[in-house]
Amino acid sequence: MLRTRLTNCSLWRPYYTSSLSRVPRAPPDKVLGLSEHFKKVKNVNKIDLTVGIYKDGWGKVTTFPSVAKAQKLIESHLELNKNLSYLPITGSKEFQENVMKFLFKESCPQFGPFYLAHDRISFVQTLSGTGALAVAAKFLALFISRDIWIPDPSWANHKNIFQNNGFENIYRYSYYKDGQIDIDGWIEQLKTFAYNNQQENNKNPPCIILHACCHNPTGLDPTKEQWEKIIDTIYELKMVPIVDMAYQGLESGNLLKDAYLLRLCLNVNKYPNWSNGIFLCQSFAKNMGLYGERVGSLSVITPATANNGKFNPLQQKNSLQQNIDSQLKKIVRGMYSSPPGYGSRVVNVVLSDFKLKQQWFKDVDFMVQRLHHVRQEMFDRLGWPDLVNFAQQHGMFYYTRFSPKQVEILRNNYFVYLTGDGRLSLSGVNDSNVDYLCESLEAVSKMDKLA
């Protein structure tokens, strides 16, 4: 009898389909997927120029001297070294104080202190820049808008982050055209969209992502005059700027100088009527080498007009800022509960120690000088006629403008790995591979882009 029942039960198995079978296969990540593929290749000439991680002249991922010294201090400090408890939802108080001082007093000395003194900044420690963007996206989709403008081209993960956090309409504005920044096309697109929005009586202000410096992937940044024109337009159209500052310091070698866009956005004298806030997404992955520690921050800065121009100096925080604080905490709690501790301790030690901070500034400048050297080495070796903007590009990358087919040929025939959009990570170039790399690029550049 039992055997009969078991036999009958087994008859159902071929007809039962798990609900998990509906799950489709996602495509490999456009950057990290290539890096994984690279590891399986056996060719001795292979070069990985995909991931934006700084490497030294021997191809090794290094620890900044300032970070190494901070780590030793943490190891020698028993209380810091052994503390494995949870951080608060929004991160450690020390991290908040040190990072806000760096961002809004040192990087923005003219206007930042005004916002700090009037408690107009809500701050959250996040899982690097990606986490900052994700928290910002969730907050914006819940309360402000589900429309966003992303540069074309842009970091591949931008679209993914905002799609996954509730954004319904993702538009692309023209950033790059014929080797230059397409300022006119960019502004015209935004104005046309704003006009159509007005005609449709859509009152939700669209968001817009702005790369603070070292635009990824092109490496081309607007001039100060162009930035003023862009911010004038964004504030006039009541858009919500999301400033992605992943590469502070890597444009000029000066951490403070590279915060120009943030200083411009916060200029209360120039923009007294801006109303929809600024979302600053910042990371210490690139400029402190803390890639795996996932340490960054989100700052939501609000103007006086957002609180009907009212400010009570007797209040610790105005009611609007308290509302924003509470919602950010709720989002973080539901997303990852609290941030990791070790990376923030490293940042705290570096930012709070005068000598270590000075060493950090030197570390960043040294890194940028090496990237400049690599850029110049390649510039001298390559004989391309369209290298005009090569020297104008900044940061960790060179944008080759290769077609997807050329990138594929470079990968399959020469074992040189670029991202699919033709972005090349300069820190992967060194004395041992620069000749082979340039020969490979030269050969592929002569091929028909549409071949």
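Every residue, even glycine, has its Cβ placed from backbone N, Cα and C.
Model, not experiment: these values are computed from the prediction.
Copied over from Swiss-Prot, here are the features:
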BINDING   GLY52, TRP155, ASN216, ARG423  L-aspartate binding site
MOD_RES   LYS286  N6-(pyridoxal phosphate)lysine
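Spread of the L-aspartate binding residues is 11 Å (greatest Cα-Cα distance among GLY52, TRP155, ASN216, ARG423).
The most densely surrounded of the recorded positions LYS286, ARG423 is ARG423 (count of other Cβ atoms within 10 A of its Cβ).
For the residue listed as 'N6-(pyridoxal phosphate)lysine', the nearest neighbour among the listed binding-site residues (GLY52, TRP155, ASN216, ARG423), judged by C-alpha distance, is GLY52. Neighbouring residues of the recorded L-aspartate site, listed in sequence order and excluding GLY52, TRP155, ASN216, ARG423, comprise VAL31, ALA156, PRO217, MET396, PHE397, THR419 (Cβ within 8 Å of the Cβ centroid). Around the Cβ of TRP155 (L-aspartate binding site), the same chain contributes ASN216, PRO217, ASP244, each under 8 angstroms and 6 or more positions distant in sequence. Reduced to three states, the DSSP call for ARG423 (L-aspartate binding site) is strand.
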